[in-house]
Amino acid sequence: ALIPETLKIRKFSPPPANFGEFLNILVKIRFGFNVRFLCNVFCCNLYDCLLSCSLQWDLVFDNAWKVPLSTSSFFLGVLIGSFISGHLSDRFGRKPVLFVTMALQTVTPLIQATSASLVMFCILNCLRGLGQASYYITSLVVGCELLSQTARMSFSLLGHSVGFGVGYALLPLFAYFIRGWRLLLVATAIPSFLLIPTCWVIPESPRWLLQKGRVQEAEVVIRVAAKRNRVPAPEVIFRADECLEILQNEGEEKQTYTYLDLIRTPNIRNITILSVVFYGLSLNTSNLNGNVYLNCFISAAIDIVVDVATWVLVNHVSRPTFVSSTLMCCGIMLVIIKLVPEGLYTLTLMGKMGVSAAFSMVIVFSTELMPTVVRNMGLGVFSTAAHIGTVILPYILFAGVYSKILPYLVFGTISIMAAAITMLLPDTRNSKLPDLIRQAKPIRGYVTECV
């Protein structure tokens, strides 16, 4: 008697004891759709669905195509940040770009939490992606250029990658206890304030200073580092033979490098082209199925274990062989995963482990391939190539609603292609970081006079 006769309801049943089911029926009566369908597509449970942007901004049914825009806008920002941060970092220095982007990724989520519309949310999401990508790449380059070859691998895998995994593992815990997306944005931004003291601790890259002819400043950085580590600094920091090539090419090294320098000579051009394909394909294979909370945590735990295992194995296997084998493992698992019975999670686990190991090495490998004068710029170009794919990635995943096997086939094929391309790249194991363009290693089976 309480229901209007004109209201079109296919089926009505008495209020169940479960409040969630009762609320689902009420919403169905009021709006004419089943909330649980939306929950299965966009989020994990009814409570999260009612607090999500999807219902708050009416992103359902005819407007459902707008849902992936928020993710695409983030990766668009990542793409832009990857492209411009490399040039700015190679021209103005690693440290200024590092801390400007750190401030951007810290402040943007706080403003984003006040978003009144999807447009505002997407714009701020784009800026957040710009800051995070720039900070991630620049921080890795700074660490690699400050450390020796052995310490560089420990920093990249145990520090950078494991640190990323720990943050990844904490995210589902934050999301589980803080269900409102506005509060979640604020909560995830707060830890970034702990990075503020690093402004006074992290120095400018001595390699970058040396390439700019600022030898005295580079020496000061080394002496300060020696003092902090309580080890005696050598009387002569940079020997004449180490600086001879730079001094002989003073006019060349003082020039302003641009993206064209990545393809100017045959040696660096081959490395750039192969790295763009390799990096772009590799970083577009890291999406596997999983429950939002528990599987997110398990995925992060796998990343941490794989990073440690990679650190143990990486110096015993050539870089191309290691990355290619892990990508091939991931690709094969993804291609055949839908051909086996449901519930067989071993293949998913193996695929996840493969792509996690490859992900850990992709950025480090690319860092070792590029010379100092264009290193950050090169990584920016590689990352840009990777994230062109991630801009459309949410729609590939969304297509899984209609064809569950399609995303697996796409990611599996990409991973296998990346594995094949990787074997053409030179091995950088136990090698010094190249400083000049002419010092970059040639691809396998290709030798040029400029090497």
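Every residue gets a Cβ built from N, Cα and C, even glycine.
The annotation domain 'Major facilitator superfamily (MFS) profile' is assigned in TrEMBL to 20-430.
Feature annotation from TrEMBL assigns transmembrane segment to 157-177 (among others).
The transmembrane segment annotation in TrEMBL covers 183-202 (among others). Using a Cβ-Cβ cut-off under 8 Å and counting only residues 6 or more beyond its ends in the same chain, the transmembrane segment (183-202) has close neighbours at 95, 98-99, 102, 105-110, 112-113, 142, 167, 171, 174-175.
Taken from TrEMBL, the feature transmembrane segment applies to 292-314 (among others). Listed by sequence, the residues of this chain that lie at least six past the ends of the transmembrane segment (292-314) yet keep a Cβ under 8 A from its Cβ atoms are 43-44, 153-154, 157-158, 161-162, 164-166, 168-169, 171-173, 175-176, 322, 349, 352-353, 356-357, 359-361, 429.
If you look up TrEMBL, you'll see 321-340 (among others) marked as transmembrane segment.
Summarising the annotation, TrEMBL assigns transmembrane segment to 346-365 (among others).
Per TrEMBL, the feature transmembrane segment maps to 377-399 (among others).
Look at TrEMBL and you will find 405-425 (among others) tagged as transmembrane segment.
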Overall pLDDT of the domain 'Major facilitator superfamily (MFS) profile' (20-430), taken as the mean: 73
Tertiary contacts of the transmembrane segment (157-177), as residues 6+ beyond its ends and Cβ separation under 8 Å: 139-140, 143, 184, 187-188, 191, 292-294, 296-297, 299-301, 303-304, 307-308, 310-311, 314, 359-360, 364
